[in-house]
Amino acid sequence: MAAVTLLHTKGLSRRFGGLKAVQNVDFDLKQGEIRALIGPNGAGKTTFVSLLSGRIVPSEGQVFFEGEEVTGDPAWRRVRKGIAYTFQITSVYAKLTAYENVALAAQSALSRSGAVRKKDLDRAVAEAIEKVGLSDRARMKAGELSYGHQRLLEVAMGLALRPKLLMLDEPTQGLSDAEIDNFCNLVRDIARTATILLIEHNMPVVMQLADSITVLNAGEILANGTPAEIRANPAVQAAYLGS
Amino acid sequence: MDLGPFLVLATLEGLLQAAVLTLIALGLSLVFGVMRIVNVAHGEFYMLGAVIAWFVASLLSLHPAVGFFLALVISPLLVGLVAYASERLILKRLKYDPEATIVATIGMLYVIQQVVLIGFGPDARPVEAPFYYRIRLPWFGYSAYNLFVMAAAVVLLIGCWYILTRTRLGLIMRATQFDSETAQAFGIPVDKVYGYVFAAGAMLAAVAAVLIVPIRQAHYLMGLDPLLLSFIVVIIGGLGSLRGTVVAALIIGLSDGIISVFFSPTLAKMLSTLLVALVLVFKPEGLFGAKAR
Amino acid sequence: MRQHSAFKVVGLHLAVIVLFFLAQFVLPEYHHLAVTRVMILAIFALGYNLLFGYTGLLSLGHALFFAAGLYGAGLTAFHLGWSVPAAFAAGVGAGFFASLVIGVVALRTSGVAFMIVTMMFSQVAYLASLYFTTYTRGEEGLVMPEAARHFDLFGVTFSLTDPSLRYNIALLLLAVTLIVILIVVRGPMGRVLIAIRENEPRTLMLGYNTFLIKLKAFVISGTISSVAGAAYALLFAYVGSSFASIQYSIEALLFTLLGGAGTVLGPILGTFAMFYLIDIVSGFTVAYLLVTGIALIALVLFFPKGILGTIRERWMTWLP
């Protein structure tokens with residue numbers, strides 16, 4: 001099967017005052033892959049995914065999704081087109097139950113194809129919650145869940161959105177080793193139905209999961225390649241070790 | 001009268017209005033700038049200042065000048081005390097949550113206003129000016145006391161400006177305004193600063209009230225108009241900006257004075273309120289203030 | 001379990017309506033009229049609560065929408081001689097239009113700026129009602145003409161001077177409002193409103209056009225407020241500037257806070273309690289607004305969830 005481009009950017013840039021957070025980035029993402037986005041602190045990773053998700057507008061450049069330009073679309077419309085984003089800082093609705101949290105995401109996905117029926121909603125929520133293994137905690141308030149469970153709830157919300165592209169921002173941050181293993185299995189599972197863009201610091205996780213890796217440094221793409229290629233790339237080593 | 005003298009009178013009225021308004025708005029702006037809260041009860045501190053001035057001046061039955069200057073000391077002190085107490089007892093406990101604070105200060109507005117209604121009654125009461133002298137202009141006589149009020153306001157403003165920019169006290173306040181957490185870390189007692197700033201803001205309104213009460217009478221409902229006008233000033237001038245507040249107060253005070261002479265005051269208020277609402281929506285950093293951080 | 005709670009919810013709200021219906025047969029004349037007023041004001045508070053309690057938007061300008069209904073109905077009936085149903089429709093239409101226009105502008109702001117902006121727009125409307133005194137007679141107000149005291153519908157003549165009819169019209173409007181609110185807050189839209197209240201940026205990232213949804217809530221809330229205003233003008237035959245003042249916006253807030261923001265029945269309970277509290281206090285002193293002030297402070301300090309909010313938290317978690 002020929003690889004289909006799901007998302008690509010052309011000359012994407014973002015300046016904050018005089019600071020060039022992202023400069024002239026041309027980026028391609030193939031349908032069905034797990035792509036990791038790595039880079040030293042301050043490389044512009046979070047700014048870059050914010051540009052993809054529409055949370056901030058680019059200074060220059062364009063974003064295309066499924067061949068269609070989405071540069072001018074507000075964040076909510078991109079989500080409806082299938083670009084989902086899970087927050088780096090856990091941002092669940094603390095006062096609502098885990099069920100309600102996921103139901104909000106599922107309702108958004110279902111409403112894309114007409115009126116939402118309660119039966120369908122319940123099924124979609126149960127499915128997403130089960131996938132992350134939180135079924136027995138569905139009635140608990142999200143704020144009362146442990147940190148690891150809150151991160152899983154975030155992922156369940158991302159899943160319930162039925163995204164074509166799921167962007168996970170530092171998903172393993174603050175998780176225990178056992179939780180991380182669990183999480184890797186979950187990501188592989190999700191990858192069967194969605195393309196994944198993973199922003200991650202934890203190198204073992206990246207090497208284990210990613211089909212390919214993009215390295216960002218000082219707002220520019222430094223390298224693209226398979227995990228093995230990236231590991232062997234001297235420029236990447238210099239960026240991480242040198243400065 | 002010709003148009004010329006009419007304009008002179010309107011300008012003088014406008015300047016008087018602007019002088020008082022600047023002091024009141026400065027108090028509101030100070031509290032918002034440092035504490036990030038909107039004090040809806042601010043107009044009531046002004047009203048309370050005027051009412052206390054009446055009590056001081058009329059109950060002690062001294063010479064009007066002595067009574068007035070006594071009031072100029074006692075009234076702001078008492079108002080400051082009331083403000084300090086309410087800040088400690090109410091606002092501090094709400095942890096300065098913006099919405100809760102607004103609701104609480106609305107409550108304070110009613111409490112102060114209604115307590116004054118009970119203690120002072122529903123009538124407007126005059127306070128005698130400390131001196132009476134009419135300056136004879138070619139077209140009409142003008143009370144020298146009005147000019148005194150303007151001069152006093154200018155002196156007070158310079159004093160405030162000096163304190164805010166040239167003293168340690170001002171430095172502490174600016175540091176708290178800029179970043180309260182860092183200020184705390186550098187050993188500034190932010191909690192105490194909040195209490196004093198709230199009291200100081202109320203005291204500025206009280207001083208303005210004592211100055212104006214010989215011209216306008218003391219009345220339990222006199223707080224609402226200055227409250228809305230100082231909102232307008234603070235929004236146009238940019239929240240928390242001293243220079244913007246002064247410029248905006250001059251513009252609003254002058255234009256209000258002048259428009260009110262030629263047109264209906266209600267229409268003037270209507271248009272300025274509408275303008276300000278739109279400024280807040282489309283240019284929230286104000287027309288003259290520095291860009292909000 | 002959810003079926004069961006749905007049954008309880010419908011039962012409870014039905015019981016409240018039935019209670020109001022039965023009350024008219026036992027209430028003495030004074031309280032009969034008082035409860036009629038309470039029901040109309042409760043509609044106002046119900047509309048307010050949809051925006052404040054459920055969506056988390058604190059408006060300090062809802063008097064504007066009440067006044068839009070009041071003047072929309074009152075002025076058309078007084079000056080143009082419109083029939084009661086037509087005048088009522090004009091009032092509600094005015095409220096709808098006003099809330100749409102103001103919503104589009106004011107919802108560009110949030111937090112404190114939103115409160116101030118709504119308050120200022122409302123103040124503009126209040127000043128306008130004073131400025132156009134030729135038509136409104138300002139604070140003194142207008143008394144509805146004889147022609148607007150009765151109307152024909154389905155071949156029957158109804159007279160609004162009949163207290164019993166007024167009571168039941170108020171009750172009917174209250175019941176309809178309650179049903180609308182229940183449908184909104186228990187349906188998909190209510191879920192999103194609460195999500196916006198709890199965390200708006202997150203809701204945006206779940207694919208919801210939060211601006212549009214807030215605007216819908218704003219318009220429904222404003223229109224319901226104007227229903228109360230139009231009904232007030234026509235049932236009690238009087239329109240005046242004081243209904244457009246800031247004080248009226250604050251009353252809606254107070255009723256809602258007291259009963260419990262974000263609970264369906266809270267505003268009704270809050271209106272009822274506050275109305276009678278003020279009624280009693282004003283028997284002793286002219287400074288009855290002191291109660292309003294103390295209540296506001298006490299509520300935010302000690303009782304932020306209000307009566308029903310606290311009950312829901314402690315005992316009846318199924319309460320909508």
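Quick reminder: no glycine exception, Cβ is built from N, Cα and C everywhere.
According to TrEMBL, the protein carries these features:
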type     : residues  : note
TRANSMEM : C:7-27    : transmembrane segment
TRANSMEM : C:33-51   : transmembrane segment
TRANSMEM : C:63-82   : transmembrane segment
TRANSMEM : C:88-107  : transmembrane segment
TRANSMEM : C:112-132 : transmembrane segment
TRANSMEM : C:165-185 : transmembrane segment
TRANSMEM : C:253-278 : transmembrane segment
TRANSMEM : C:284-304 : transmembrane segment
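Tertiary neighbourhood of the transmembrane segment (C:7-27): same-chain residues 35, 39, 164, 167-168, 171, 174-175, 178, 182, 186, 264-265, 268, 318-320, selected by CB-CB distance under 8 Å and a gap of 6+ residues from either end. Packing against the transmembrane segment (C:33-51) from elsewhere in the chain are residues 20, 23-24, 27, 57, 59, 62, 65-66, 163, 166-167, 170-171, 173-174, 177-178, 181, 184-185, 193, 217-218, 220-225, 227-229, 231-232, 235-236, 251-253, 255-256, 259, 261-263, 266-268, 270-272, 275-276, 279: each is 6 or more residues past its ends and has a CB under 8 Å from a CB in it. Here the transmembrane segment (C:253-278) has long-range neighbours at 12-13, 16, 34, 37-38, 41-42, 44-46, 48-49, 52-54, 58, 60, 62, 174, 178, 181-182, 185, 194, 197, 288, 291-292, 295-296, 299-300, 304-312, 319-320, meaning same-chain residues at least 6 beyond its ends whose C-beta is under 8 angstroms from one of its own. Counting same-chain residues at least six beyond the ends of the transmembrane segment (C:88-107), those with a Cβ under 8 angstroms from any Cβ of the stretch are 57, 59, 61, 64-65, 68-74, 76, 82, 114, 117-118, 121, 211, 214-215, 218-219, 221-223, 225-227, 229-231, 233-234.
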